[in-house]
Structures are given as structure tokens and as C-alpha cells.
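The block underneath contains the structure these notes are about, expressed in C-alpha cells.
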Amino acid sequence: MVASIRSGVLTLLHTACGAGILAMPYAFKPFGLIPGVIMIVLCGACAMQSLFIQARVAKYVPQGRASFSALTRLINPNLGIVFDLAIAIKCFGVGVSYMIVVGDLMPQIMSVWTRNAWLLNRNVQISLIMLFFVAPLSFLKKLNSLRYASMVAISSVAYLCVLVLLHYVAPSDEILRLKGRISYLLPPQSHDLNVLNTLPIFVFAYTCHHNMFSIINEQRSSRFEHVMKIPLIAISLALILYIAIGCAGYLTFGDNIIGNIIMLYPQAVSSTIGRIAIVLLVMLAFPLQCHPARASIHQILQHFAEENVSISATSADEPTVATESSPLIRDSSLDLNEVIEEESIYQPKETPLRGKSFIVITCSILVASYLVAISVSSLARVLAIVGATGSTSISFILPGLFGYKLIGTEHKTAVPLTTKIFKYTGLLLFIWGLIIMITCLTAALKLN
């Protein structure tokens, strides 16, 4: 099934707007209102340019077969497994955090209608949601199949946006009593919170790059002029949502804001619906994390399988020098074609990731996510470290590297100005990604 631009926009927007949208007002606390808005715009521009670069470099592999693995192997085959591992860890960690959110909110939601201790147990709620909703959606092979789920999730985000705006425009007396000091410029920095603590919220608010190649592969055309519309629309909408929720939430509570804004609203029908909306959002977002994680795990397993085959072939060819070189050259070229051809999730029509492999990897992700989610109530620090490494790698470092190394290589003489701009913007994104990785790791390790 060929995907449309609209379904691509919905999928990308849904991937970007996860549960982190609830923390956007909190991100303003050490920055102040105006610097906070500037950070949202700056990080949005960086994310959009990174997605544009992904759209540009997709042409360097056969149409419908673009992926991080295929492109990484064009630059340096040895780096492929490193970035596949980063994607798998990042997506798995975010998926687990979604289930932890379900475990935190579902008992609060159910308490409105029942006092049954079994139904108010967080592990029971995680089990039910995983079994009846998350697992079936995670077995879908194409992102386009999740377009209706994405529509529901985006509707949930829209409701949250309206809820935050309404409470800002017409606050209750209880909310007014919670209001703290508002800073329009940088406020005085405190020991327990500074800009490094909330910087990752801005930087990773637009992380959706791990699904960009899947979306490109499912489009009827991979031409840049066609594909660029998807990140342009999706990131623009995300930017509007983040500014609306971030500004309204911060102006409502000032420096008394907390990490999950909806927890500050008094018990009411509107806030209960808001909690349900959050559960819908994260529940439907889990498959969007499972999708690239599954592909990356498959690539890692395939890498080791190919390595074993290569070692066996080398051992078999050792007796003669004449047969030692030519088979290895042929194997090398075949390996590259196989890598591009076997992009599991990124090429659904000709994927080897089906049957037993597809089921085993998907079940492993689901079971591991479930076990971690019911065992741990907070992954804040771990996810901060995973985000600083995995998210930065796939959002800035790797796309930037692709852009700088690949864009313009098709030109033998003069390189057009537009191509040069994309090429060197890739280098800037690569450097930006390294700076952000170091900064956010410092924040996660020393300031939390």
C-alpha cells in the first residue's frame, strides 16, 4: 500500500509528540518565557533540517530501501551496527517509559469509577494495555497501517493543548493559588534546577528521525520535492503545539510548574479526559518505537550472521591464493546489495523480516518492555542518558554525517550552491549533535 503525504505527516507528528509534550511547560522554568520560545524554534529548525537531509540522501540507495543501516554502510560498514544498537536502545527505552506512564495514570483514571484493588493495581493495568492494545498494534508491519491510530493520538494532543489553553485563559481559584513567579527573560538559576536539566526536553521534543526512512519508503515518490513536504508540515505543527502548551502552561503556574503539567490540575471531568488522552497517546505511540527497534535488532542479528558466514567462507578459501581474492570481492558486493535489499521494516514488500523472525523479535521487545515497566517505576535518569546518546545519534549526528559524506558526490565538476548548503549544513548538525550529546550527558550524570 502506497502512503500519502497526509499519513506520513500524521505518523511523523505522532512520533515526535510523545508524553514529553507534558513536560514542555516545565522546560521553560530555568529559561524563562522568551528564551524558552527561542529554544523551541531553534531546536525545531535543527530537527527539520536534519529530516530534510534524510530526504535528500535517500536517493543514494535503491528507491524504497532507504535506512540508517544501508546508508551507514555506504560510508563505513563498521559503523552500521553501532547506530543500529543506538536506535534499538533509544526506541526500547522510550517504549518502556510509555508503559510506565500507563502504569502511573491508569489507576488514577480507574479510581473515578471503581475502588477494586485489582483494577487499581499498576501492574494489572500495564498487563491489560499491553495485551489488548499495544501488542496487536506492534505486529503491524507498515507505518502506514498505523495512520488511524496516529489520527486518534494527534486528537489527544490537540485536546491536551485546548485543556492547557483553557486553564490559562479561565483559571480556577485553586489554579490561581498555585501560580508562581513568571520570568520573561532568564531567571536566577537555582542549585536544584538549571538550563542543563531541561535542555534535553527541547532538544528531543522533535525526535522522529528513526521513522523518517520508513515513511519515505512508503511514499509513491521519493523525490525530495515531494518528500520534504512531510517534515515541513509535521515539524511546523509540532512547533505550534509546543509553543502553545509550553507558553500557556508556564504562564499558568510560573516557577511552580512540575514535570507533568496535568497532575497540577484539580480533579474534574476535563482533567480525567486529559489523563485518558495521555494514555491513548502513549499507548498508540509504542508501536512507532517498536517498529524501528525491531528493524535495528534484525540488522544487528543479520550482521553477526553475515560475519559468521564470511569467516566460514574465508576459511574454506584459504588453500589457494587465486580463489582467495575473487570470491571475497564477489561476496563483498553481494553483501552490500543484500544489506540494501534486506531492510526489514524499511522495505515491507521484499522484507526477509517475516514469519518466525518477525514474531520472535516483536515478542522479545514486548516481553522485555513489559518486564522492565512492571519492575521499575521511574526511568528518568536512565532515559536521560539513553536519550542523550541514542536520540542525538539518530536525530543529528548520523543524518549530519550522511549529508556531509554523501550529498554532492554525484557531481564530478562544479557542485550547485543548494547542494553545498545541504552538505555543509550536515557538517554543522554533526557538530551540534556532538555538543548536545556531551551537554545532555553531563546534565543526566551530574545534575539529576
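Cβ from N, Cα, C; glycine included.
Swiss-Prot lists 1-7 (among others) with the feature topological domain 'Cytoplasmic'. Per-residue confidence over the topological domain 'Cytoplasmic' (1-7) averages 72 (mean pLDDT, predicted model).
The feature transmembrane segment is assigned by Swiss-Prot to 8-28 (among others).
The topological domain 'Vacuolar' annotation in Swiss-Prot covers 29-32 (among others) and is backed by sequence analysis. Residues 39, 183-187, 189-190, 193-195, 197-198, 250, 255, 257 of the same chain lie 6+ residues outside the topological domain 'Vacuolar' (29-32) yet bring a C-beta within less than 8 angstroms of a C-beta in it.
Taken from Swiss-Prot, the feature transmembrane segment applies to 33-53 (among others). Long-range contacts of the transmembrane segment (33-53) within the same chain, counting only residues at least 6 positions beyond its ends with a Cβ under 8 Å from a Cβ of the stretch, are 12, 16, 24, 27, 182-186, 199, 202-203, 205-209, 212, 224, 228, 230-232, 235-236, 238-239, 242-243, 246-247, 250-251, 395-396, 399-400, 402-403, 407, 422, 425-426, 429, 432.
Swiss-Prot lists 54-80 (among others) with the feature topological domain 'Cytoplasmic', giving sequence analysis as the kind of evidence.
Tertiary neighbourhood of the transmembrane segment (81-101): same-chain residues 18-19, 68-69, 72, 126, 129-130, 134, 210, 278-279, 282-283, 285-286, 289-290, 292-293, 296-297, 299-300, 303, 365, 368-370, 372-373, 376-379, 382-383, 386-387, 389-391, 393-394, 398, selected by CB-CB distance under 8 Å and a gap of 6+ residues from either end. What Swiss-Prot lists as transmembrane segment is 81-101 (among others).
Look at Swiss-Prot and you will find 102-125 (among others) tagged as topological domain 'Vacuolar', backed by sequence analysis. For the topological domain 'Vacuolar' (102-125), the DSSP counts in helix, strand and coil order read 13 helix, 0 strand, 11 coil.
As annotated by Swiss-Prot, transmembrane segment applies to 126-146 (among others). Sequence-distant contacts of the transmembrane segment (126-146) (same chain, six or more residues past either end, CB-CB distance under 8 Å): 1, 3, 7, 11, 14, 99, 102-103, 106, 211, 214-215, 218, 279, 283-284, 286-288, 290-291, 345, 348, 351, 354, 358-359, 362, 365-366, 369-370, 373-374.
The topological domain 'Cytoplasmic' annotation in Swiss-Prot covers 147-150 (among others).
Among the features that Swiss-Prot reports, transmembrane segment is placed at 151-171 (among others).
According to Swiss-Prot, the topological domain 'Vacuolar' annotation covers 172-195 (among others).
The transmembrane segment annotation in Swiss-Prot covers 196-216 (among others) and rests on sequence analysis.
Per Swiss-Prot, topological domain 'Cytoplasmic' is recorded for 217-229 (among others), and the stated evidence type is sequence analysis.
Counting same-chain residues at least six beyond the ends of the transmembrane segment (230-250), those with a Cβ under 8 angstroms from any Cβ of the stretch are 5, 8-9, 12-13, 16-17, 21, 24-29, 33, 36-37, 40-41, 44, 47-48, 51-52, 55, 157-158, 160-161, 164-165, 167-168, 182, 205-206, 208, 212, 215, 219, 257, 261. If you look up Swiss-Prot, you'll see 230-250 (among others) marked as transmembrane segment, on the strength of sequence analysis.
The annotation topological domain 'Vacuolar' is assigned in Swiss-Prot to 251-267 (among others) on the grounds of sequence analysis. If one looks beyond the topological domain 'Vacuolar' (251-267) by at least 6 residues along the same chain, the residues whose Cβ comes under 8 Å of a Cβ in the stretch are 22-23, 25-26, 28-29, 33, 160, 163-164, 167-168, 171-172, 174-175, 178-183, 187, 245, 274-275, 278.
The feature transmembrane segment is assigned by Swiss-Prot to 268-288 (among others).
Counting only same-chain residues 6+ beyond the ends of the transmembrane segment (425-445), those with a CB under 8 A from a CB of the stretch are 46, 49-50, 53, 196-197, 199-200, 203, 381, 384-385, 387-389, 392-393, 395-397, 399-405, 407. For the transmembrane segment (268-288), the partner stretch with the highest count of Cβ pairs under 8 angstroms, out of 151-171, 196-216, 358-378, is 151-171. Secondary structure of the topological domain 'Vacuolar' (251-267) per DSSP, as helix, strand and coil residue counts: 10 helix, 0 strand, 7 coil.
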